[in-house]
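**Q** Structure provided below as structure tokens; questions to follow.
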Amino acid sequence: MAKKYFGTDGVRGEVGQFPITPDFVLKLGYAAGQVLVQHDTDQKPTVLIGKDTRISGYMLEAALVAGFTAAGVNVVQTGPLPTPGVAYLTRALRLSAGVMISASHNTYSDNGIKFFAEGGVKLSDEVELEIEAKIDEEMKTQPSARLGRARRISGADDRYIEFCKSTFPGHSDLRGLKLVIDTANGAGYGVAPKVFHELGAQVVSIGNEPNGYNINEKCGATHTKTLQAAVLQNEADYGIALDGDGDRLMMVDKNRQVYDGDSLIYVIAKARAREGINIGGVVGTVMTNMAMEIALKEQGVDFCRAKVGDRYVLEQLNQRGWLIGGEASGHILCMDKHNTGDGIISALQVLAALQILNQDLATVCADWQPYPQTMINVRIQKGQKWQEASKDVLAEVEKELEGKGRVVLRASGTEPVVRVMVEARQADWARDGAERIAAAIGGI
């Protein structure tokens, strides 16, 4: 059954436009509260709510609190806290569910609602459908004796900081390192610099002055130029960039070289292999560069691909019992450290890996160079049989690139576009293959 309101990462959109309106979010909180009450019959459920620094967070938090308490659910509020911090505290405090108010790397004019189940894991499709079924029902507030309470929780930041630090090797520290930390004027501004400082690093903080409107604005993991300049200006060893809700990571070295999620995953996996730790393998996505796959296999590390999205990477990790996964966008999962993507913890794992390998980022990542990619968006008509039109040329290109490149065709879920991606050992092979396939699709 198709979902009506939930996307791949909760409910998200432009503030003031459906579904990110106070009245809908009130109903969403009430519907989720009803489902919790039905599932937790022994005692009154308690939900933890965190948020990033968007101005709309105040409005949406109030609406959620009203909905949950009307359904008979207690609420604890953390204030600004990274998404993985909400997941951790939901598990650590043994709460019924967690909710994060954020639109991740989007601009301040967007926002969203993301749910975590008991244990800090993402909601199943079945539970999301249960919630959706109740959203359109009439709200019937619980009798006064059964209404929920709401309160602010103290020490949430400190609990999460200590958890992050606990994932770094206990026999080591970060003394001698100078780091620039860019928190994207987002949810990590109050916690990320403290984590690295308390582990001994000299920390320079940027993107740490949120005003409600500047989240992700020319800063953070989606805009690394600011970090590159700051690393150079401060003569730092590395720069660490998070996104608005703190679950993505990009890094920069002293030469201003940017390292994406693929490169950082490789560093972590290589160090684990060097230590003899059995990680099972690495899960990437259909967009992960083929050169990384080959480099991992040369280290004796298995590799598989999931659909694009950290949700699908997580599914594959759980199914296979593997420990490391992620995507180039900076979502990195280290399942032996946390059960969700965490930018701070991922950065700590990279820094620990560099100590284990006794090399810098540039040296480790010199093991492989990304294959050149050509991407072409082909606009099509509704109902156009593009698969049939392109199958012969697709087969030809795939045969030519066997063992030295690959092809990915993806139909957009939001617009009438087919995305053609070809990567190959040589740039002209990739360009030629992509152009031939795009021409065969036809387009308009």
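Note: Cβ is positioned from N, Cα and C throughout, glycine not excepted.
Small disclaimer: the values here were computed from a predicted structure and weren't measured.
When I checked Swiss-Prot for this same protein, it listed these features:
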- SER104: active site, phosphoserine intermediate (ACT_SITE)
- SER104, ASP243, ASP245, ASP247: Mg(2+) binding site (BINDING)
- SER104: phosphoserine (MOD_RES)
**Q** Give the number of CB atoms, excluding that of ASP243 (Mg(2+) binding site) itself, located within 10 Å of its CB.
**A** 33
**Q** At a 10 Å cut-off from the C-beta of ASP245 (Mg(2+) binding site), count the other C-beta atoms across all protein chains.
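**A** ASP245 (Mg(2+) binding site) is surrounded by 35 other Cβ atoms within 10 Å.
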**Q** Round to the nearest Å and give the CA-to-CA distance linking ASP247 (Mg(2+) binding site) with the residue listed as 'active site, phosphoserine intermediate'.
**A** 8
**Q** Neighbours of the Mg(2+) site SER104, ASP243, ASP245, ASP247: Cβ within 8 Å of the Cβ centroid, same chain, sequence order.
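**A** Near the Mg(2+) site, the remaining chain residues are ASP52, PRO82, THR83, SER102, HIS105, GLY186, ALA187, ALA221, LEU242, GLY244, GLY246, ARG248, GLY343.
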**Q** Hey, which of the recorded positions SER104, ASP247 is the loneliest by Cβ count within 10 Å?
**A** SER104
